[in-house]
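Enquirer: As annotated in Swiss-Prot:
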type     : residues                                                                                                       : note
BINDING  : Asn70, Arg106, His464                                                                                          : L-serine binding site
BINDING  : Arg73, Lys270, Gly295, Asp296, Thr328                                                                          : substrate binding site
BINDING  : Asn75, Phe76, Ser77, His78, Arg120, Lys207                                                                     : ATP binding site
BINDING  : Thr432, Glu433, Ser434, Gly435, Arg436, Ser437, Trp482, Arg489, Arg516, Pro517, Gly518, Ser519, Gly520, Phe521 : beta-D-fructose 1,6-bisphosphate binding site
CROSSLNK : Lys115                                                                                                         : SUMO2 cross-link
CROSSLNK : Lys266                                                                                                         : SUMO2 cross-link
CROSSLNK : Lys270                                                                                                         : SUMO2 cross-link
MOD_RES  : Tyr105                                                                                                         : phosphotyrosine
MOD_RES  : Tyr148                                                                                                         : phosphotyrosine
MOD_RES  : Tyr175                                                                                                         : phosphotyrosine
REGION   : 307-531                                                                                                        : region 'Interaction with POU5F1'
SITE     : Lys270                                                                                                         : site 'Transition state stabilizer'
Amino acid sequence: MSKPHSEAGTAFIQTQQLHAAMADTFLEHMCRLDIDSPPITARNTGIICTIGPASRSVETLKEMIKSGMNVARLNFSHGTHEYHAETIKNVRTATESFASDPILYRPVAVALDTKGPEIRTGLIKGSGTAEVELKKGATLKITLDNAYMEKCDENILWLDYKNICKVVEVGSKIYVDDGLISLQVKQKGADFLLTEVENGGSLGSKKGVNLPGAAVDLPAVSEKDIQDLKFGVEQDVDMVFASFIRKASDVHEVRKVLGEKGKNIKIISKIENHEGVRRFDEILEASDGIMVARGDLGIEIPAEKVFLAQKMMIGRCNRAGKPVICATQMLESMIKKPRPTRAEGSGVANAVLDGADCIMLSGETAKGDYPLEAVRMQHLIAREAEAAMFHRKLFEELVRASSHSTDLMEAMAMGSVEASYKCLAAALIVLTESGRSAHQVARYRPRAPIIAVTRNPQTARQAHLYRGIFPVLCKDPVQEAWAEDVDLRVNFAMNVGKARGFFKKGDVVIVLTGWRPGSGFTNTMRVVPVP
């Protein structure tokens, strides 16, 4: 599938793990991996950073963008609308500070993460800060009686979910505070449960509750979510990470709230419980993408099965050509330490090898002591892992999995990626209005970066969701002659690629363009040497 280096002339060749990428078998591929081989020049995986107290200043955000942040995530489980509006303003100020040089400008997307249908405990002894100690083996009564809403203690605990007695059985487990405290149901009443404390500990007020295996019937979109989503539409966010999605109708509900004004906002469904995993296919069809939210998922399903769910979801998203994000505890120890554990390094690399389009940081950048180091570490790990992909096998399988179609763009995308392997192209340049052409090319996972040139700022920002797309925003005025306008944008991409070190004079690039103006007409492929 690859030509020997001697035949390739003096062109810059993406030699990174090339020997391994083009092996015949998986075992051979593993044997050929070489620690002295350089990493991929351009990182293909998107990096999503949660913005919080540790990272919301304009100065820190500028450094995070330089370090590799592509998407800024705002967690609406915390903070007021005023707080988030200020954060969004800071993200945009930091992004636009690079706008003076169109070659080096990096569009950064803003993502709104909804609170979703959570279950929470009441107040401990009427105070938000009070705590009680739950002893292992003790009996704890769970009640729905509102008289105890602010009077919880070590003997009785109020929950805000009225149907809990209908959805749990005797023997069911109830987890509180991210699984730190576990209870087992011993007896059921009409409006109470008697439980035994299996894992004790210190319990504070208003803690999250998980009911693994239970079919929780809370509304997919709460009143708070509706207000938050409307706020997101006003603020022109690029994507919504919808929490606790359990079925396709939940996604439709989010879409309905976003309305006509928010119709271009991408909806990424977070899979966080057993029902979401079970009904994954219908959720995938209704969504623009998926997030593997390993935090709650690791409580809702056994911890040892999380990797299975991750691989299954990433595989199905890759097959469907939809973006997938791997999230939670990616570099958790970097909240307090400047270097990750070896397991975390492997975890991030394996998410990339599995096929994740984006990797996410949560507390590491929101409240950690080393937000910039965490971004840089993900950047370095992702580049190494991308070089180590078994590209030959992956491409063959993606082609086999794609159905026969009269969609011209599908054939163009497949052909251009195959050509990029054959001629060891340094990059693929795609001119795109809606982003669809670039998304289709990304689906076939080329080794080389896809430089997507667009004049639409939102298309550029949302393209970060897809593996391999390096979006660039062309601000030059549209030329009257179509051919001249095409040349202008291709030359702009060439200049960006050279400035970024993706290729140099004499290298080969694949150029995908349309034969006439407008969206949906990409049908011309050229193999071009870099001037």
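Any Cβ shown, glycine's included, is placed from N, Cα and C.
Can you walk me through where each of these features ends up in the structure?
Expert: Non-local contacts of Arg106 (L-serine binding site) by the CB criterion (under 8 A, 6+ apart in sequence, same chain) comprise Ile65, Asn70, Thr95, Phe98.
Secondary structure at Thr328 (substrate binding site), as computed by DSSP, is coil.
In the three-state DSSP scheme, Phe76 (ATP binding site) is classed as coil. Note: Phe76 (ATP binding site) has non-local neighbours His84, Leu112, Asp113, Thr114, Lys115, Lys224, Asp225, Asp228, i.e. same-chain residues 6+ apart with C-beta under 8 A of its own C-beta.
In this structure, Arg436 (beta-D-fructose 1,6-bisphosphate binding site) is part of a helix by DSSP.
Mapped onto three states, the DSSP output places Lys115 (SUMO2 cross-link) in coil.
Around the Cβ of Lys266 (SUMO2 cross-link), 19 further Cβ atoms fall within 10 Å across all displayed protein chains.
Neighbour count (other Cβ atoms within 10 Å of the Cβ, all protein chains): 26 for Lys270 (substrate binding site).
In the three-state DSSP classification, Tyr105 (phosphotyrosine) falls within coil. Annotation for Tyr105 (phosphotyrosine): same-chain Cβ neighbours under 8 Å, separated by at least 6 residues, are Phe98, Ala99, Val472, Leu473.
The Cβ of Tyr148 (phosphotyrosine) lies under 8 Å from the Cβ of Gly122, Ile156, Leu157, Trp158, each on the same chain and at least six residues away in sequence. Under the three-state DSSP scheme, Tyr148 (phosphotyrosine) falls in the helix class.
The secondary structure of Tyr175 (phosphotyrosine), as reduced to three states from DSSP, is extended strand. Taking the Cβ of Tyr175 (phosphotyrosine) as centre and 10 Å as the limit, one finds 21 other Cβ atoms among all the protein chains shown.
Confidence across the region 'Interaction with POU5F1' (307-531), taken as the mean pLDDT and rounded to a whole number, stands at 90.
Annotation note: Lys270 (substrate binding site) sits in a strand segment as assigned by DSSP.
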Enquirer: For the C-alpha pair, I'd like the distance in angstrom between Thr432 (beta-D-fructose 1,6-bisphosphate binding site) and Lys266 (SUMO2 cross-link), rounded off.
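Expert: Given the Cα positions, Thr432 (beta-D-fructose 1,6-bisphosphate binding site) is 18 Å from Lys266 (SUMO2 cross-link).
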Enquirer: Report the nearest neighbour of Trp482 (beta-D-fructose 1,6-bisphosphate binding site) in space among the recorded positions Tyr175, Lys270, Thr328, comparing Cα positions.
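Expert: Result: the closest of the recorded positions to Trp482 (beta-D-fructose 1,6-bisphosphate binding site) is Lys270.
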Enquirer: Which three-state DSSP class does Trp482 (beta-D-fructose 1,6-bisphosphate binding site) fall into?
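Expert: Assignment for Trp482 (beta-D-fructose 1,6-bisphosphate binding site) reads helix.
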Enquirer: Which of the binding-site residues His78, Lys207, Gly295, Ser434 has its Cα closest in space to the Cα of Lys266 (SUMO2 cross-link)?
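Expert: Closest by Cα distance to Lys266 (SUMO2 cross-link) among the binding-site residues His78, Lys207, Gly295, Ser434: Ser434.
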Enquirer: Measuring Cα to Cα, how many angstrom lie between Lys270 (substrate binding site) and Asn75 (ATP binding site)?
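Expert: Given the Cα positions, Lys270 (substrate binding site) is 13 Å from Asn75 (ATP binding site).
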Enquirer: List the Cα distance (Å, whole number) between Asp296 (substrate binding site) and Tyr175 (phosphotyrosine).
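Expert: Between the alpha carbons of Asp296 (substrate binding site) and Tyr175 (phosphotyrosine) there are 10 Å.
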